[in-house]
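Asker: First the structure, then my questions, so here it is.
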Amino acid sequence: MNEKQRLESQQINRENSTDVKSDTNDNLDRLKKLSSDELISKYFQTTYEPPNLKKARSRRKKDVDIHYDFDIPLEMKAVGKGKKFLIRTYGCQMNEHDTEIMAGILTNMGYQSTEDTNDADIILLNTCAIRENAENKVFGEIGHLKPLKLEKPDLIIGVCGCMSQEESVVNRILKKHPFVDLIFGTHNIHRLPTLINEAMFGKEMVVEVWSKEGDIIENLPKVRNGKIKAWVNIMYGCDKFCTYCIVPYTRGKERSRRPEDIIQEVRHLAAQGYKEVTLLGQNVNAYGKDLDIDYGLGDLMNEISKIDIPRIRFTTSHPRDFDDRLIEVLAQGGNLLDHIHLPVQSGSSDILRVMARRYTREDYLDLVKKIRQAMPNATLTTDIIVGFPNETDEQFEETMTLMEEVGFESAYTFIYSPREGTPAAKWEDNIPMEVKKARLQRLNELVNKQSREAMKKYEGKIVKVLVEGESKKDPDVLSGYTERNKLVNFKGPKSIIGNIVEVKVTNAKTWTLDGELIEEAIEVK
Ligand code: 5AD
Ligand code: SF4
């Protein structure tokens, strides 16, 4: 950590970092003696920056440093020996992948993973801030952990991920859940060993949330969840500032990894036998814009397509930046799968304008046309928000007609949830909840209908399935995904797990397909 970062950090060292924590109840009493305001001013000194659109926008010009020198401090290398960790993950794939990194760091400190809260010496909640209900779940879980902490004072409870980037959340934890030992932000993951050290040996809550946008640290260890599919970050952050969205504030500015680092990671995964890689970013189509070379997602996908790995996916796309070069590259097919998740958010150009999506309904439909011309069999899925401030019945109907016109095969649908610090949160959330719910229900009925119809078309067809393991519901049944991301259940020997096999679809349900294995394993390339 350089001095600049140190200054920008609002790390709070525990007062007496050499004292071994002896009695957590003592600590709780000490914390309770401080008034809420004292606590807040103690933790939020001068550097904490809550979401601020104007400031965040000016950050684009700031430089990003890439580091290749992550290491675990010597004194922390064996600290987890004989101890166990549990990380509970909420939210998107980016968070799932961050959890893999934290698991990597903890494993390198000697910790072993556990699924059992009673068995854990450290519990981290990797949180999501995208909607209010995501946050409520986490606060519920923090509350549930209190009795355990009182029973096991040496247990370390940490809150990290997107919620910890929000001032209101940190305040609430300080005020209402002082038994939490550690809060750290999305830009502070690499500091985990030091933060655990401080949490173990200090007497007060450790809070470290850098307002800095975050550098890129290339050599963080990872313990991947499984040996078949892997996530690879290609970029971090988002500069789109859709008016409803908290992500540009919690995840910082857009920063792309260098192509050579990404390609090396994918090559390494291929060598390890992974069958599928998903390239990750909040807005992957902006990939490369911040690099000093003329290079975009299309160029990256083109190079990655030459690597000997059977399946390459990418998520999440923004329609505004989806360019012709990418379409041309995707149309080559091969290991580049033609399932495109392309969030539209609304079918009304007026609502899209106030969402600051920077495209109209017509622009979106033109893009879909272009994609379909180049890839006639492409599967399109989307995200949609209903009940945005001032959304009229007519505007909602435009979302319904767009859903049909594009023929989305599935969609994640959400009720608008105001997020503090975003521009939309300043507008009156004036659509009554019953109206929002009724709109969501109608939309979901349509989504289900379209999904059912899309699934029905597979009946009698042969699909290629990457077998992931036993089905969640029945250990005698195997399951896996097709190239177009349809879940298929079928019977077969466990020895085919991890292979791509051919399955004949016998029965289509709304969200899954049943089938019969017809060929044990097919050539993957
Ligand atoms: N309210 C409701 N849904 C939201 N999303 C993002 N922010 C909000 C919000 N404030 C949805 C968008 C996005 C998906 C990941 O979550 O549809 O694409
Ligand atoms: Fe949020 Fe996606 Fe918009 Fe970025 S592009 S602000 S992540 S909805």
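Positions of Cβ are set from backbone N, Cα and C atoms, glycine also.
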Asker: If I go by TrEMBL, which of CYS92, CYS238 binds [4Fe-4S] cluster 1 at the same site as CYS128, CYS162?
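Answerer: For the [4Fe-4S] cluster 1 site that includes CYS128, CYS162, TrEMBL also lists CYS92.
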Asker: Rank aside, I only need the closest one: which of the binding-site residues CYS238, CYS242, CYS245 has its C-alpha nearest to that of CYS128 ([4Fe-4S] cluster 1 binding site)?
Answerer: CYS245
Asker: Cα-Cα, whole number of Å: CYS92 ([4Fe-4S] cluster 1 binding site) versus CYS242 ([4Fe-4S] cluster 2 binding site)?
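Answerer: About 17 Å separates the two Cα atoms.
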Asker: Specify all same-chain residues, apart from the site residues CYS238, CYS242, CYS245, whose Cβ lies within 8 angstroms of the center of the Cβ atoms of the [4Fe-4S] cluster 2 site, ordered by sequence.
Answerer: LYS240, PHE241, TYR244, ILE246, VAL247, PRO248, GLN282, ASN283
Asker: With a radius of 8 angstroms around the mean position of the C-beta atoms of CYS92, CYS128, CYS162, what other residues of the same chain does the [4Fe-4S] cluster 1 site pick up?
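Answerer: Other same-chain residues with Cβ inside the cutoff are TYR90, GLY91, MET94, ASN95, THR127, ALA129, ILE130, ALA134, GLY161, VAL247, THR250.
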Asker: Just to verify: the residue among CYS92, CYS128, CYS238, CYS242, CYS245 with the fewest other Cβ atoms within 10 Å, which of the binding-site residues is it?
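Answerer: The binding-site residues CYS92, CYS128, CYS238, CYS242, CYS245 were compared, and CYS92 has the fewest Cβ atoms within 10 Å.
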Asker: Using a 10 Å cut-off, grab the number of neighbouring Cβ atoms around the Cβ of CYS162 ([4Fe-4S] cluster 1 binding site), all chains included.
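Answerer: Cβ-Cβ neighbours of CYS162 ([4Fe-4S] cluster 1 binding site) within 10 Å number 28.
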Asker: Taking the binding-site residues CYS128, CYS162, CYS238, CYS242, CYS245, which residues show a Cβ-atom distance to ligand 1 below 6 Å?
Answerer: CYS245
Asker: Which three-state DSSP class does CYS162 ([4Fe-4S] cluster 1 binding site) fall into?
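Answerer: DSSP call for CYS162 ([4Fe-4S] cluster 1 binding site): helix.
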